[in-house]
Amino acid sequence: MTNFQITSVQLPAVPTQQAWVKSLIAKAEAHDGVAPFSEVFLQGLNDDRLRHRHLLIADSAVAALAPDGGVELVVDPQWRREGRGSALINEVLAEESAAQFWAHGNLPAARALAESRSMKVTRRLLVMGVEGSPLLEASQVDLPHGFAALNYTQAVERFGRETVEQAWLEANNDAFSWHPEQGGWTLSQLHQGMEADWFDPAGVLLLYHGEQLAGFHWTKVHPQGDGEVYVVGLASAFRGQGLGDPLLRIGLRYLVEQGVRRVILYVEADNQPAVARYEDLGFSTVEDHVVYQEA
């Protein structure tokens with residue numbers, strides 16, 4: 001196998017390296033039809049608060065390692081199948097034997113590389129989408145008696161920013177106590193999410209029962225025009241009351257009102273009740289993202 005020179009850096013500290021890395025990511029996405037880096041790993045190219053470390057093979061391949069052991073990597077399409085991916089994986093595993101390698105889209109090249117190393121799939125994340133008349137039907141909603149939907153700005157005007165954000169944070173951590181990325185958030189992490197260039201306070205829908213926050217639906221509008229159910233969660237005190245459906249629908253209604261023609265969401269493949277619920281609303285799987293680990 002060819003020996004490649006691998007440089008370890010934190011890209012936020014070396015902006016001179018960022019341009020070719022971002023160009024490589026864009027090139028791979030155009031070639032593969034799916035982005036090799038997820039949103040948080042893209043943020044890690046610029047934001048040193050995420051503490052991502054980056055392994056570089058000059059102008060041809062990059063691996064990003066998060067503190068929790070998550071890894072995303074990309075190889076220039078014109079330099080694939082020459083050992084760069086394996087070299088980066090070896091470098092990561094030498095330091096983090098339990099590293100979890102994301103394969104967005106689970107493309108043939110990624111599957112072949114994983115199979116050659118006898119790696120196993122340990123997690124599967126589906127991207128589901130809905131459009132056309134099923135989307136319009138799914139965006140129809142009647143809120144139960146006693147409940148009201150406010151966007152973030154409206155809620156802050158009524159209850160105050162500190163109260164709203166604390167309730168939002170508590171509902172998030174309550175709903176996602178089991179989730180490796182979304183659970184256990186701090187107020188600082190919530191604020192980091194709100195710093196995203198796409199963030200729109202009108203797109204954060206908060207479901208209230210009186211002054212008590214029952215749940216939230218954080219939506220996202222992508223630059224290319226898709227809408228996304230970014231995060232949706234119910235506080236435990238309000239579960240079992242049939243509120244999940246209207247909470248989902250208020251976000252879909254908002255996105256349709258913004259003119260989006262397709263709405264996507266991410267869901268764990270093993271969460272069969274949620275997958276079935278989304279299918280009932282007209283969603284179908286459009287992408288498959290997996291995590292590989294050494295056996």
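Residue numbers in this text run from 1 along the chain shown.
For all residues, glycine too, the Cβ spot is worked out from N, Cα and C.
Remember, TrEMBL labels are computer predictions, not curated facts.
As given in TrEMBL:
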BINDING   Leu73, Val74, Val75, Arg81, Glu82, Gly83, Arg84, Gly85, Ser86  acetyl-CoA 1 binding site
BINDING   Val232, Gly233, Leu234, Arg239, Gly240, Gln241, Gly242, Leu243, Gly244, Asp245  acetyl-CoA 2 binding site
DOMAIN    162-295  domain 'N-acetyltransferase'
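TrEMBL feature annotations superimposed on the structure.
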residue	record	Cβ contacts under 8 Å, 6 or more apart
Leu73	acetyl-CoA 1 binding site	Pro36, Ala61, Val62, Ala63, Ala64, Gly85, Leu88, Ile89, Phe101
Val75	acetyl-CoA 1 binding site	Ala28, Ser60, Ala61, Arg84, Gly85, Ala109
Glu82	acetyl-CoA 1 binding site	Thr2
Val232	acetyl-CoA 2 binding site	Gly215, Phe216, His217, Trp218, Leu247, Leu248, Gly251
Leu234	acetyl-CoA 2 binding site	Ala171, Ala175, Ala214, Gly215, Leu243, Gly244, Leu247
Gly240	acetyl-CoA 2 binding site	none
Gly242	acetyl-CoA 2 binding site	Pro144
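Of the chain residues outside the acetyl-CoA 1 site list Leu73, Val74, Val75, Arg81, Glu82, Gly83, Arg84, Gly85, Ser86, Ala61, Trp79, Arg80, Ala87, Leu88, Leu113 have their Cβ within 8 Å of the site's Cβ mean position. Across the domain 'N-acetyltransferase' (162-295), the DSSP tally of helix, strand and coil residues reads 51 helix, 42 strand, 41 coil.
As a whole-number mean, the pLDDT of the domain 'N-acetyltransferase' (162-295) in this prediction is 93. Put plainly, the binding-site residues Arg84, Ser86, Gly244 were compared by Cβ crowding within 10 Å, and the winner is Arg84. Look at Glu82 (acetyl-CoA 1 binding site): DSSP puts it in coil.
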